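Report on the structure given below.
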Amino acid sequence: MSLSPSDRELVTEELGREPTPAEEALFENLWSEHCAYRSSQPLLSAFESEGDRVVVGPGDDAAVVALPDPETGENSDTYITMGIESHNHPSYVDPFDGAATGVGGIVRDTMSMGAYPIALADSLYFGDFDREHSKYLFEGVVEGISHYGNCIGVPTVTGSVAFHDDYEGNPLVNVACVGLTDDERLVTAEAQTPGNKLVLFGNATGRDGLGGASFASEDLDEDAETEDRPAVQVGDPYAEKRLIEANEELVDDSLVRAARDLGAAGLGGASSELVAKGGLGAHIELDRVHQREPNMNALEILLAESQERMCYEVRPEDVDAVAAVADKYDLGCSVIGDVTDGNYVCTFDGETVVDCDAEYLADGAPMNDLDHVEPTQPDRDRPSPDLETAFEAVVAAPNTASKEWVYRQYDHEVGTRTALKPGDDAALMAVREAGVGLAFSSGADPNWTDTAPYDGARAVALENATNIAAKGALPLAAVDCLNGGNPEKPDVYGGFRGIVNGLADMCSTLDVPVVGGNVSLYNDSPSGPIPPTPTLAMTGTKPGYDAPPAALSGDGDLLVVGDGGDLELGGSELLAQFGGSDQFPALPDSPAAFIEAVADIADLDSTHATHDVSHGGLAVALAELVGDAGADVDLAGSPDALSVLFSEAVGRVVVETTDPEAVKERLDGVAPVEHIGHATDSGRLELSVGDETLSYSAADIASLRSVIGETLE
């Protein structure tokens, strides 16, 4: 990829001369789709990013949100950071290193804000599970995430995994991170004062990851696994762990004025964006950069995406103290230049190789005005499998099967904050500094957004909010990772517009600010584009750290709360297994009131278990609830067994309660409540639908749901 003729003409006009090779490469990378969001930026204004608890919104390395005081409800002095990134193309070329460095990058984004990383979430998307190449990528990605996350001591506590044919040539690896800081430790990526020093801190610079930003802004071709391997970074988690602790010490000692991690476009990207955000410039001597490879030229030093590096703005009088911290943690430290009130200037070997306006470099890329075609929903053409066949196929499908094989590889309890572990609707982290539980949910469903991009994305937002509410928490804020194919194709761009508007509309309805995010386009390969995929990572808060599990106790009545409407089957796993088509299910009319009511119900002493109804429908929700305790469920009044069991209409929760009247009272005027049966001590699911009856032991269900683990072990 190279700077387009039209972009080159703009740059030449701005500079008043031809760009140097280093300048041309910098503009190529910083004006790429990956960095400049040229096709998506015009759409992102749909998101509401402000709110009473939002301290720092979009535009920094990570967002910052104040936690509520559990006694007063006012903002506390304890903040969380939220960020999300994609490492899609690199994870196709090299699944282990691509995924591992994705973790490292989002953790450093967290550190840039003066925060300590406390939790990770991974949302992963692959081709059909039956294909060997999909399994190869899946295993490599999970190994990369677990290796890096476990080594740095940050727990991966929640996430999602989805399989869909259209990811075969382009998997998605989306990783979110939550960090913890406070009002006195907050750092931003906005340079403060001319005369301050720019310090490159961390690992030495090599040639790995060269041109990674431009690589991420083009379609993958058939030879990507070999030809594009140099564009994939290689991580060192042990250096990252030292960097985390060193950064914590620097922030504690107030030695950092501003910070930016070195990710896309390397040193050139981080340093130019840092000063541009402050309306300033820089003078950088590239010869001063500590390097691990000989004979590196200016372009390589500027654009290499070597990992575990930070760019700090430091007061001159603090440079020695910063160097001492680097020495303590066996990390490199180079004073590479100064913050100025002029241009962004880089010299190498006594010559000026870059001299341009920092803001023009960082923010001057022209936006794309692209054509789009509005998606249409499919007609109804539903299959007619018998109920037993349908139940076993859907419960055993890789999309709905147990993901224990994934999360048992992650150290999800390191840090001693994990109160509710992976495998539930949402994770729950103990933030003792504020006395609140922090719920954390992440994911999307490509079947939903492939069927109906707008309504499917609305459902993604509502499902994440329902996951959080089912654990007794109220949504706080969200970040998104918007993944799409080649936006120059009108049908692809139409689907992408749909997921942007759908997420934005539902988050606005729920009063959940979308405080940051990431866009990844050109996820296209010779096999075609990916489904439009709006990964959403959402947090919520509640007093205390207790929550009802997604497992039955055996003592209560079973209720389904929420309105499934006509229970259409569009986007369902049933259709994925048996073919056919249908409209996407309608969403509830008052989702915000429903979420508040569910959170209240989850916190009742009489509530013993809660589990949202989503992927795989009510059938999978009931199967997942059964363990030592069982369920006797009677849906005899339902005329359409397939719809009632397999519709994935969101905004519904199964509740086990010893006080059903309290649940009905709280939902009066908000959403319907249906009594469907009782929890038992049998360890069996006894299910009657119409005139048909199904019966499965917990062991039967576990066997059906173990397809991933059994296949990969």
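From the backbone N, Cα and C atoms, a Cβ is placed for every residue, glycine too.
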Suppose a student reads Swiss-Prot and sees S86, H87, N88, H89, R108, E305, S306, Q307, S520 listed for substrate. Which of Q192, Q233, Q409 should they find annotated at that same site?
Q233
Distance check, please: Cα of D261 (Mg(2+) 2 binding site) against Cα of E85 (Mg(2+) 1 binding site), rounded to an integer number of angstrom.
13
Would you mind pulling the longest C-alpha to C-alpha span across S86, H87, N88, H89, R108, Q233, E305, S306, Q307, S520, which the record has binding substrate, in angstrom?
21
ATP binding residues Y37, D480, G517: largest Cα-Cα distance, in Å and rounded to whole number:
14
Using Cα coordinates, what distance in whole Å links Y37 (ATP binding site) and N518 (Mg(2+) 1 binding site)?
9
Write down the Cα-Cα distance for D480 (ATP binding site) and N88 (substrate binding site), rounded and given in Å.
15
Restricting the comparison to the recorded positions H34, E85, D109, D480, N518, which residue's C-alpha is spatially nearest the C-alpha of Q307 (substrate binding site)?
D109
Would you say which of the binding-site residues Y37, E85, E305, Q307, N518 has the most Cβ atoms within 10 Å of its own Cβ?
E305
Using C-alpha positions only, work out which of the recorded positions H34, E85, D480, G517, N518 is nearest to R108 (substrate binding site).
E85
Restricting the comparison to the recorded positions H34, E85, D109, E305, which residue's C-alpha is spatially nearest the C-alpha of D480 (ATP binding site)?
E85
